[in-house]
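Summarising the annotation, TrEMBL assigns compositional bias 'Basic and acidic residues' to 444-458. Annotation comment: TrEMBL describes 437-458 as region 'Disordered'. The annotation transmembrane segment is assigned in TrEMBL to 39-57, 69-88, 94-117, 137-160, 199-222, 289-311, 323-341, 347-365, 386-404, 410-429.
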Amino acid sequence: MERNLKNVLVISFGFLLLFTAYGGLQSLQSSLNSEEGLGVASLSVLYAALILSSMFLPPILIKKLGCKWTIAISMCCYIAFSLGNFYASWYTLIPTSVILGLGGAPLWSAKCTYLTIAGTSYAEKAGKNAKDIINQYFGVFFLVFQSSGIWGNLISSLILSQSSTKANISEEDLGCCGAYNCLTDTSNTTGSAKPSNSLIYTLLGVYTASGVLAVLLVIIFLDQIKSDQAETEKEKLEAPSFWSTFLATFRHLKDKRQCLLIPLTMYSGFEQGFLSGDYTKVYVTCALGIQYVGYVMICFAAVNSLCSLLFGKISQFTGRKFLFALATVTNTACIIALLLWKPHPKQLAVFFVFPALWGLSDAVWQTQTNGLYGILFEKHKEAAFANYRLWESLGFVIAFGYSTKLQAYIKLYILLSVLVLSMVTYGAVEYLEARSSPGTPTAAKKENGGPHSQETHM
């Protein structure tokens, strides 16, 4: 096997193992650690730490340690979070959430840097276009990585379904489920009785082992980048200082279009936060039981992946405006339906319809918003995508932060309000673009292209 491709596969399967554990654990936080809102509080802290990490840590660690060891050490931060869940308390989960958040940004930055260097290196040897090879490598990575959402949730559902404490849920208890949920710990009052400690420890043991395997895979099989390549990359990293990058991020807010895109970018964090923090708890866990959370999130992950691929292909024919309109209508319909629907175990199929439609919408928010940033801010990509990470992460922080303080219907109204605001400001961006380059072929061509990234899922 060609050596660079082997390294791409090692990184891809390392991330697959790591995010099989993290993805499954994130989906369960609001249900597994529901006491005093500990689970969602830990996720809010995690994304707050990720914001800080994105601003400062990646260039420092990659420069000092190189890509391979930055990836390995950052992966250990994710394992710390799994270990913190063994004895979940404010003294264990919050510090390990901070550690994971700090490791998140260097992990993704080092991965991008490594794949870019590997692609460039191979292209030079083979006399091919570097951009094409890099795109191929990223394609291989995401093909493998995207399935982590399926495996992590499948493991959790298979293990937690072994629980013998499946209580019958009374109609009175079901009244505490859904949009007008009781602001009490519903997991203690309904059929979503917490699984036994032995099952939880088994699940956490599998997740921790998966993370350890990921680290070992990288340490043993991933090649160090050749010194001359590494030095070249270090020079690139040194070129803009941390403070200049940090200031450039906020200086970029002088661009009116960037300011107008803030609601849309934050909405991406809000909607993902609602699905994983609220839908899983007050609809699925409350009415069906915690063992169904994994199956529901598998549905979301599978539809999201398929639609991301599909929309990437058809966007050149439909344009981004049509896809944004499709996502808006779909998400709005889901929000209104969730406000009206009273979840009941007899309506099992309905529990899967919502995450499927949510996955379709999220595929648009992820692919098209990333693409829009790449197109609008082509000359200032670094500052633009730093803003993207900042505002989306802030959306997550807020969504998880108020998760235990408000009833679900209030959160759904907030979600709908932010969505409407997002579409108004997005429309203003399209208007400004059309006015600045009316009828030019370049503008039409630009509308259909753009890089697609799933890295916002951490």
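Even glycines carry a Cβ here, placed using N, Cα and C.
Because the structure is a prediction, the values reported are computed rather than measured.
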Does the transmembrane segment (347-365) reach the transmembrane segment (410-429), going by 3 or more CB pairs under 8 Å (6 or more apart in sequence)? no
Take the transmembrane segment (323-341) and find every residue of the same chain, 6 or more past its ends, with a Cβ under 8 Å from one of its Cβ atoms. 178-179, 271, 279, 283, 311, 315, 350, 354, 357-358, 360-361, 364-365, 368, 408-409, 412-413, 415-416, 419, 423, 426
Give the one range among 94-117, 137-160, 199-222, 289-311, 386-404 whose Cβ atoms make the most pairs under 8 Å with those of the transmembrane segment (69-88). 94-117
So, does the transmembrane segment (386-404) come close enough to the transmembrane segment (39-57) to give 3+ Cβ pairs below 8 Å, pairs being at least 6 apart in sequence? yes
For the transmembrane segment (410-429), what are the same-chain contacts with Cβ under 8 Å, counting residues 6+ beyond its ends? 179, 257, 260-264, 266-267, 270-271, 274, 278, 324, 328, 331-332, 335-336, 338-339, 372, 376, 399, 402-403
Same-chain residues at least 6 beyond the ends of the transmembrane segment (199-222) whose Cβ lies under 8 Å from its Cβ atoms: 6-7, 10-11, 13-18, 20-22, 24-25, 32, 68, 71-72, 75-76, 78-79, 82-83, 85-86, 152, 155-156, 159-160, 162-163
